[in-house]
There are 2 protein chains.
Amino acid sequence: MTWVDGANGSPYGVTNLPYGVFRRGTDAARIGVRVGDFVLDLAGAEAADLVLAAGALGRPTLNDFMALGRPQWTSVRQRIIELLSDEAHRSAVEPLLVPLHEVELLLPFEVADYVDFYSSEQHASNVGQIFRPGQPALLPNWKHVPIGYHGRAGTVVVSGTPVTRPTGQRATPQGPTTGPSVRLDIEAEVGFVVGVPSAIGDRVAVDDFADHVFGVVLVNDWSARDIQAWEYQPLGPFLGKSFATSVSAWVTPLDALADAFVPAPDQDPPVQEYLHDTPHLGLDLRLAVEWNGERVAEPPFAGMYWTPAQQLAHLTVNGASLRTGDLYASGTVSGAERGQVGSFLELTWGGTEPVKVGGAERTFLEDGDTVTISATAPGPDGTTIALGEVTGTVRPAR
Amino acid sequence: MTWVDGANGSPYGVTNLPYGVFRRGTDAARIGVRVGDFVLDLAGAEAADLVLAAGALGRPTLNDFMALGRPQWTSVRQRIIELLSDEAHRSAVEPLLVPLHEVELLLPFEVADYVDFYSSEQHASNVGQIFRPGQPALLPNWKHVPIGYHGRAGTVVVSGTPVTRPTGQRATPQGPTTGPSVRLDIEAEVGFVVGVPSAIGDRVAVDDFADHVFGVVLVNDWSARDIQAWEYQPLGPFLGKSFATSVSAWVTPLDALADAFVPAPDQDPPVQEYLHDTPHLGLDLRLAVEWNGERVAEPPFAGMYWTPAQQLAHLTVNGASLRTGDLYASGTVSGAERGQVGSFLELTWGGTEPVKVGGAERTFLEDGDTVTISATAPGPDGTTIALGEVTGTVRPAR
């Protein structure tokens, strides 16, 4: 329970407390946590000695704080809960609460490397059927290797940033042509943000996930399917993805998701030893995709074949180092039903089965469309917490 | 002509002057240029008002200097040439010359995003024949799209850094297994370093290459062929590459390569409009690959099908932004002859045709092997300049 007006019973109560970076007016950008419809100014709180975090809360990104490691993450969180729960702190803390509508939310961390996985069996299978009809839906490596690739870190943008329709090459029956993408799509994903780095040559064991990963963001991996289809062989997606990847402004700390870990799907055939996580846990995050305000899909993250701990172990098994700010995303979250898919490619089955949006038949994104991905997760005592949404509106090609 | 001892007639004379970052003893890391067998301390030169660069030379990486743009790059270079050529400056400048053998060379710039292209027709064709026998050597998109993908920026290391043999999954007739790579290879490449950024949504025109690109490094894109072969479908190379990418300690400014631009190979079929560079120029860089001190290949960069200007235009045609410190590499440089290939995969034709190294038959890299890639280029008046070498020694898997 908190003394903050309206926060009790909200999905942003004191059991949630996601971190972000905000700016109010001409003040410098600073770190805050969301509680109810307020942002607690943590730079101000640290300056007033209400919270101690080695000065890391006075920075314009979360990176220095994320580098401190789990003991500090947990102690800072406990202290914030105390400040927001105990009436005795109210007079000192209340002046540091800023109404959410008065702030601009910024990219919460400086992205080091961005990796995108491909961890939903249903998504990989759907894409296989759509792109390679008549062939096995899953490639032979898929149940052995958590397939992933590097994306462009420099074009990761915060929720709310407009997305310009990309121009690029696509194949036509008359040969390749260059122009604005005509198959602009979304991918609803969950991203994991690395706080604690590792040295080059080292591996991060599958059980050390929580020592390195600070928290979770929602991700929209905007995808130009026509550009991607023409370019992706043999080295994978490039310009079909690199124009923009949106992330939520709020990073939900793993500590807020303690009640959301659930057994992940059984893996058969057995995975390689370095991927053997005990217990084998996924996260019960329930995503929702809104297309111009209409809910078109509810992708269930709990059903992902590969877990975030397995992805991290895989990413580093070759000795690749981690840096603070590394972001790795799950890949599109799709469940078994048509109403559970995380891309419009799947929702409209390659554009062949339009859906009704705003009364019109739609396949891919039109200029002016807005897509918002949100999610909830189980909190303590039967409560529900919300993850910060990721939203974006498509602007016409230049 | 310079007053610096031994620099005249050296491939590091005053027509070359590559930039790097060095440390001597316990001094802070700082920027220098190489002249002969000395490093000119540019942080010291700027502190003494001998060179003006908005304070950017006093930093531990080249990034701030590279962000200044071509007019400043050129004026600083002209001033350095003047300082090193005019005897009148000798007494002020000579104390700032540090013998090369007294310094440690560091990674010269902070890498933002790292992209690797695939621009040698011979290399793409060789790999196609080795990996996909019986099928067309080049995929249908190859002569239309400068194929590329994002690599891991966080594991770009400076020349001289040992490379630990990566562990990972590979396919065997009995199914996948995990262990140290048994097909560890090199890729001899040329990398282009971006100085001036661009905004998201903008495109960099093919003619604006020199406004954005500061200079050139040599690159060894270490590659574990067994890991790569098993993982790369459908999203491209990942762990087979991400354990390490080595770059030379010296960044050769484009201004030093003015005499190295030569007509690039004709492109047929015609390329898309945004890739139409006039004139269509490559760089006459002559690479050499040494394996444990024996020269095994001399890859000619002038024959690359896609030019660096085309690669940059392609990278941004979708509106992807550039950041200072972005590195994009050419892909393996291979010529038409067996003695001109930039990978051991090609040199030994997939490991089926061993070569003699140190008297022994060899296919891929063994622990303790050292590979050094060097290059020369035409300088003014029939002279030759050298690019800084990139070298690395393989350490056993952990």
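Note that Cβ sites are derived from N, Cα and C of the backbone, with glycine treated the same way.
These figures come from a predicted structure and were not determined experimentally.
Quick look at what TrEMBL lists:
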type	residues	note
DOMAIN	B:16-108	domain 'Fumarylacetoacetase N-terminal'
DOMAIN	B:115-394	domain 'Fumarylacetoacetase-like C-terminal'
BINDING	B:Asp116, B:Glu187, B:Glu189, B:Asp221	Ca(2+) binding site
BINDING	B:Tyr118, B:Arg132, B:Gln228, B:Tyr232, B:Thr332	substrate binding site
ACT_SITE	B:His123	active site, proton acceptor
BINDING	B:Asp221, B:Lys241, B:Thr245	Mg(2+) binding site
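Feature map: annotations from TrEMBL on the structure.
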| residue | record | DSSP class |
| --- | --- | --- |
| B:Asp116 | Ca(2+) binding site | strand |
| B:His123 | active site, proton acceptor | helix |
| B:Glu187 | Ca(2+) binding site | coil |
| B:Asp221 | Ca(2+) binding site | coil |
| B:Gln228 | substrate binding site | helix |
| B:Lys241 | Mg(2+) binding site | coil |
| B:Thr332 | substrate binding site | coil |
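Under 8 Å, Cβ to Cβ, and six or more positions away along its own chain, B:Glu189 (Ca(2+) binding site) finds B:Asp116, B:Leu218, B:Val219, B:Asn220, B:Asp221, B:Ala329, B:Ser330, B:Gly331, B:Thr332, B:Val333, B:Gly342. Here the candidates are the recorded positions B:Tyr118, B:His123, B:Arg132, B:Glu187, B:Tyr232, and by Cα distance the one nearest B:Thr245 (Mg(2+) binding site) turns out to be B:Glu187. Other C-beta atoms found within 10 angstroms of the C-beta of B:Gln228 (substrate binding site) number 22, with every protein chain shown included. Here the candidates are the binding-site residues B:Arg132, B:Glu187, B:Gln228, B:Tyr232, B:Lys241, and by Cα distance the one nearest B:His123 (active site, proton acceptor) turns out to be B:Glu187. For the domain 'Fumarylacetoacetase N-terminal' (B:16-108), the DSSP counts in helix, strand and coil order read 42 helix, 21 strand, 30 coil. Using a cut-off of under 8 A between C-beta atoms, the binding-site residues B:Tyr118, B:Tyr232, B:Lys241 that neighbour chain A are B:Tyr118, B:Tyr232.
Geometry remark: B:Glu187 (Ca(2+) binding site) versus B:Tyr118 (substrate binding site), CA distance 11 Å.
Comparing the recorded positions B:His123, B:Arg132, B:Lys241 on other C-beta atoms within 10 angstroms of each C-beta gives the minimum for B:Arg132.
The Cβ centroid of B:Asp116, B:Glu187, B:Glu189, B:Asp221 marks the Ca(2+) site; residues of that chain outside this set whose Cβ lies within 8 Å of it are B:Gly151, B:Ala188, B:Val219, B:Asn220, B:Ser223, B:Lys241, B:Thr245, B:Ala329, B:Ser330, B:Gly331, B:Thr332, given in sequence order. There are 23 other Cβ atoms within 10 Å of the Cβ belonging to B:Tyr232 (substrate binding site). Within 8 A of the CB centroid of the Mg(2+) site residues B:Asp221, B:Lys241, B:Thr245, the other residues of that chain are B:Asp116, B:Gly151, B:Arg152, B:Glu187, B:Val219, B:Asn220, B:Trp222, B:Ser223, B:Ser242, B:Ala244, B:Ala329. Counting only same-chain residues at least 6 apart in sequence, those with a Cβ under 8 Å from the Cβ of B:Tyr118 (substrate binding site) are B:Ala124, B:Trp142, B:Pro146, B:Ile147, B:Gly148, B:Gly331, B:Thr332. The two recorded residues, B:Lys241 (Mg(2+) binding site) and B:Gln228 (substrate binding site), have Cα atoms 7 Å apart.
A 10 Å cutoff on Cβ-Cβ distances gives B:Asp116 (Ca(2+) binding site) a total of 27 other Cβ atoms nearby, all chains included.
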